[in-house]
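One structure is given below, encoded as C-alpha cells.
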C-alpha cells in the first residue's frame, strides 16, 4: 500500500566468499587459475571439434555447444568475483544484479535442456543405431540447441518477472559472490514467502523434469547396453559413464539449492562455487580423459599448430623484437 514511499535500493553489497583479508589474495590466485583453465579447456574442445572432420557428428556438435555454455556459466559472475577479491567494498548496481540473475538462469536452464538433448542423442545412437544419422540430422541437432536456449530464456524471464518489481528499501547485503535469486528476493521490503515458493517451483520444475527425463533415458540406455556384449557396447559404456558423471555433478548442486532454499548460506555458497566454477572445469576433463577420439584429435591439432621448434622460434622472435 505504501510502495511509493520506499526509497529504491540502487546497489547491493556482495559479501563474497570470505571476509578474511588475508585469505582473499589466495582465493584470487586460485580462482584466476581455475577460470583460465575453464576458458582454455572448453575453448580447446570447441576448436578440436570444429577443426577435425571426424568429430563432425551429432554427439560432438552437442559437446561443443555444452563447452560454450560452460564458458558462459563460468563467465557471468567469476570476473566480477575476481575483481571483488581485490577491493574492500564489494558492490554491484541494481541493474547489474538483475543482469546476473538473468544470465545465470538463462545459461543453467539452457544447459539442463542441452544435457537432455545429449541423452537423447545417446539413446538414438545405442537403441536405434541403424537410424541414427537419419534421426539425428544436422537440422535436428541445430533445433535441439535452439530449443535449449529458448527454454533457458523462458525460464529466466519467468524468474525475473517475480523479482523485477519487488521493492528493495532496506538491507542490501547479499551473502554470496553474485546475485543469487533466492538471496536477493529475501532482501525485499515485503513478505516474499509466496514469491519464494514460486521461484522454487519454477526452478524445481525445470530441474526435476530435466533430471527425470535424464534418469529415464539413461536407464533405458543402460538396460540396452547390458543386454548386448560387443566392442561397440564397451565404447558406449565408456561414453555413458562420462555423460552420467556430468549430469550428477551439474544437477546435484542445483537441486539441493532450490529444494532446500535458505537452509544454510555457507552451504549454498559452496554449492554455487561448485556449479559456476568446478562443473565447467570438470566437463572438458571428463569428456577428454575418457574419449580416445577427442584425445586423438587434440594430438593431431597439437601436431598441426605446435610443431617441434615452432614454440621456441616464436619465443626467440618475441625476444628479438623486444630487444630492438
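Each residue, glycine too, has its Cβ placed from N, Cα and C.
What TrEMBL says about a protein is an automatic prediction, not a curated fact.
When pLDDT values are averaged over the domain 'G-protein coupled receptors family 1 profile' (41-287), the model yields 86. TrEMBL lists 41-287 with the feature domain 'G-protein coupled receptors family 1 profile'.
According to TrEMBL, the feature transmembrane segment maps to 26-47 (among others).
Away from its own ends, the transmembrane segment (59-78) comes close to residues 31, 35, 38-39, 41-43, 45-46, 49-50, 100, 103-104, 107-108, 110-111, 114-115, 117-118, 121-122, 125, 138, 141, 144-145, 148, 177-178, 239, 275-277, 279-281, 283-284, 287, 294 of its chain (Cβ-Cβ under 8 Å, at least six residues beyond either end). Summarising the annotation, TrEMBL assigns transmembrane segment to 59-78 (among others).
Look at TrEMBL and you will find 98-120 (among others) tagged as transmembrane segment. Below 8 angstroms of C-beta separation, residues 59, 62-63, 65-66, 69-70, 72-73, 76-77, 80, 92, 144-145, 147-149, 151-156, 159-160, 163-164, 178-181, 184, 203, 206-207, 210, 213-214, 217-218, 221, 243, 246-247, 250-251, 254, 275-276 of the same chain, each at least six residues beyond the ends of the transmembrane segment (98-120), sit close to that stretch.
Annotation source TrEMBL lists transmembrane segment at 140-162 (among others).
Residues or ranges marked as transmembrane segment by TrEMBL: 205-225 (among others).
Taken from TrEMBL, the feature transmembrane segment covers 237-260 (among others).
Residues or ranges marked as transmembrane segment by TrEMBL: 272-289 (among others).
Residues 58, 61-62, 65, 98, 101-114, 117, 120, 181, 185, 195, 198-199, 202-203, 206 of the same chain lie 6 or more positions beyond the ends of the transmembrane segment (140-162) yet place their CB under 8 Å from a CB of it.
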